[in-house]
Amino acid sequence: MCGIAGIHAYSPVNQSLYDALTVLQHRGQDAAGIVTEQDGKFFLRKSNGLVRDVFHTRHMTRLKGNTGIGHVRYPTAGSASSAESQPFYVNSPYGIVLAHNGNLTNQQQLVRDLFKADLRHVNTTSDSEVLLNVFAHELQLQGKLQPTEVDIFAAVESLFKRCRGAYAVVAMISGYGMLGIRDPYGIRPLVYGQRTDSRGRTEYMIASESVALDALGFTIIRDVQPGEVVYINAQGELFTKKCGPSLTQTSCIFEYVYFARPDSFIDGSSVYRARVRMGEYLANKIMQEHPEHDIDVVIPIPESSRTSALELANHLGVKFREGFVKNRYIGRTFIMPGQAMRKKSVKQKLNPIGLEFKDKNVLLVDDSIVRGTTCQQIIEMARESGANKVYFASAAPAIRYPNVYGIDMPAKYELIAHDRTDQEVGTAIGADWLVYQDLEDLIKAATPSDEVDGAREFDCSVFNGKYVTGDIDEQYLAALEASRNDSARETKDKEDKSAMIDLHNNA
Ligand SMILES: O=P(O)(O)OC[C@H]1O[C@H](OP(=O)(O)OP(=O)(O)O)[C@H](O)[C@@H]1O
Ligand SMILES: NC(=O)CC[C@H](N)C(=O)O
Ligand SMILES: [Mg+2]
């Protein structure tokens, strides 16, 4: 799940983009990048690492210009080589840079077509570079010396016909402005807003999450609609057009469970409200399944489960206590590359407060169980701290299927719930009992307050194996599993790093 941002302003945007990426850091910790534009020249800085490590003063001062885009990366395709950090650049037509959140599901086909039919060169194994080249090719086909919004919309219309999967995009065309694109299903989030500068001029921002707009003083206009393009030309005029087919919106429900920050709104639905309701529904289910429960205390597993766990405790009428202290300098473990690193990080990140466990029956609450890395170690810690019984509740249903839309869960056998019943998962993680949220309840929880509960559709593929784009079959999933499972990826990352694919101009 990457984070993207673009700003069109009347004063330098380097610091604002840096701040936006910091606010979006929870969406990607592996690499970061910013491109700005001034007088027809792009200035790029991108590399592996957190935002604070990638940009030093010397880089910031070189990022000149009043328009720019940025990216924080959590790889789901290609490798972890710094050459695959984003934004990507292509020189023709005009000079275009692009940053992408999501994952293309027909990358191989597109690469073949780009090479054989469009005569284009793709230098990395990133799907985002492919996406950029498809856009560039389609824009070139419009054949305009000076493209207008009409040409840009036409190019994206063709891109929608060619590119499958999930893609929320920000891009910049040298001399012609900035645009945001959301795929026809609206799988990944994208929102835009405006603010007024001291001289009364309107500035625009496009970003993955509304928190980035809040932090920079932009007022939200609305979410970019599925299949819509938002274009701000070099003169600062805004144009929007729905260029994709009319499909039912199916945005990713896992954004509400884990990825997004609770203070964000996605498609009119508050992530915080969704998590509160997840806690309420989960409490109801626990009361149904264990009416005579003997829970003494509810303890959240920081960070993401806290909102749900507090509400769950309120509804159960049981004490809520912070039983784990989180090391604030360790990032999110689930989005780290490689199981060894994830495993090590749980212990570095979370430490129990013995007092809250000793001789108590504790209910541990997490937002989700994916590989089981976190809950297994946490349950062990709870027992070592003297807990009597350790129960576990997951605010999301069991994750049994791979994700193909921008969450790095490529191999079903790496998922602890794959091929296991709920009860078997409980045993595998070492809990006395385990309760999972029901999918219908999760859907209800994520439905915006002004809509009928449960009427909104979402991509729930990790829970039900139904892939909304309709192009995913067993063969695709088998190839994905073979190429991106933990050990295959580790080998590829090592190879790419030593091969030094490195074609980008570092500011
Ligand atoms: O079953 P697993 O494979 O361990 O994955 C699930 C865990 O990973 C995430 O936490 P993470 O540390 O990434 O982020 P957080 O601090 O936002 O909770 C999530 O919140 C669960 O705790
Ligand atoms: N998580 C994402 O959105 C990843 C974007 C892109 N597929 C990459 O791997 O860089
Ligand atoms: Mg967590």
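Every residue, even glycine, has its Cβ placed from backbone N, Cα and C.
Record check, TrEMBL: Mg(2+) site residues include Asp366, Asp367, and the candidate from Ser304, Ser345, Ser449 also listed there is Ser304. Cα separation, Ser304 (Mg(2+) binding site) to Cys2 (active site, nucleophile), rounded: 17 Å. The local packing around Asp366 (Mg(2+) binding site), expressed as other Cβ atoms within 10 Å of its Cβ over all shown chains, amounts to 22. When the alpha carbons of Asp366 (Mg(2+) binding site) and Cys2 (active site, nucleophile) are compared, the span between them is 22 angstrom. When the alpha carbons of Asp367 (Mg(2+) binding site) and Cys2 (active site, nucleophile) are compared, the span between them is 19 angstrom. In this model, the domain 'Glutamine amidotransferase type-2' (2-235) carries an average pLDDT of 97.
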